Amino acid sequence: MKKARIIGTGSCVPEKVMTNYDLEKILDTSHDWIITRTGINERRIAAEDEQTSDLATRAAERALEMAGLSGSDIEYIVVGTITGDYPWPATACIVQNNIGAPKAAAFDVSAACSGFVYALDAAVKQIQAGAIKRALVIGAEVLTRAIDWQDRNTCVLFGDGAGAVVLEAQDGENGVLSTHLHSDGAYLELLYQPGFGTRHPATTQGLAERIQFLRMQGNEVFKVAVRSLSEVAFEALEANGFKPEDIDLFIPHQANRRILEAAAKRIGLTEEQVFVNVDRYGNTSGASIPLALDEANRAGRIKEGDLVMFDAFGGGFTWGSVLLRW
Ligand code: ACO
């Protein structure tokens, strides 16, 4: 069976930086509260004319450039996002057109903060089945338009961005070793956007009740996230006969520093093994893992042969891990 190997990474964040001190000016909050509870210093905010597909396209172009490929080499484009340009069609179709990929199938995956890991799994399985040779997998969000800027419990946590990888079918030992995905819809209302799907379509009353924005019960999410992130990391290690100390770089969903530290501790990882950039971008949902991966890759934190793990948790609930040999 062919391995699905990452041969290019790319990312893109909006230029505008919003610091905790900027938030102090518009909300009843403080830098100290935010940094202590979340580890977040600042986040990026998309410009008014900047859409999810714009960030996704730029991240994809950078990943293609690193891989030495162009859009016409890509057969399959998957975007993990919950903040696509439109409810439909898929943001992946906009990217397909932007990068000039006439051969590519294109669709979005809705798995909230686990979107990239779910999207990656879909593309990896296509490559392993021999159906395609090259895929582009993207996580992209403009979440700052889906959060309630009057709700200090949530709006301080999130930011915008995108990350992308190019996958190629290759022989040999390097590439994705396994993927492990899970879900539990019983927890839906702990983290969700009540409107405007078919259940609560767009109405003036709905807008007044602010049902178009993300809602979250932070304490409950925290507990389930830490448990699920650690369980699915162990699942990946056991499936491949590895121990926590074998991991060279652990790239978790960048929800907030406390969740990452608690999960890493449960798994038995040292600080050096864990990549963290939540301090600069906040929680970028489906974009967070590929954004962190691209930073780590370009900073030389990953070398050929390294054992790398992605670990995600998000609304749904959904969660999953990916173990790969770089
Ligand atoms: N500034 C100042 N005070 C605040 C703020 C704020 N931005 N937000 C809440 N508070 C107040 C609350 O009103 C509350 O005040 P009260 O005691 O007078 O009622 C107090 O701070 C404590 O609130 P808690 O919700 O108990 O604070 P907690 O320690 O749980 O931290 C947080 C909240 C950071 C949201 C935490 O629950 C958390 O990290 N949860 C995980 C959620 C998460 O990361 N979700 C992202 C999506 S899921 C994912 O990506 C994995």
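Cβ coordinates are placed from backbone N, Cα and C, and glycine is handled just like the others.
Between the listed ranges 159-163, 254-258, 269-273, TrEMBL ties the annotation region 'ACP-binding' to 254-258. Across the structure, H253 (active site) and C113 (active site) place their CA atoms 7 angstrom apart. Of the recorded residues, C113 (active site) and N283 (active site) place their C-alpha atoms 9 Å from one another.
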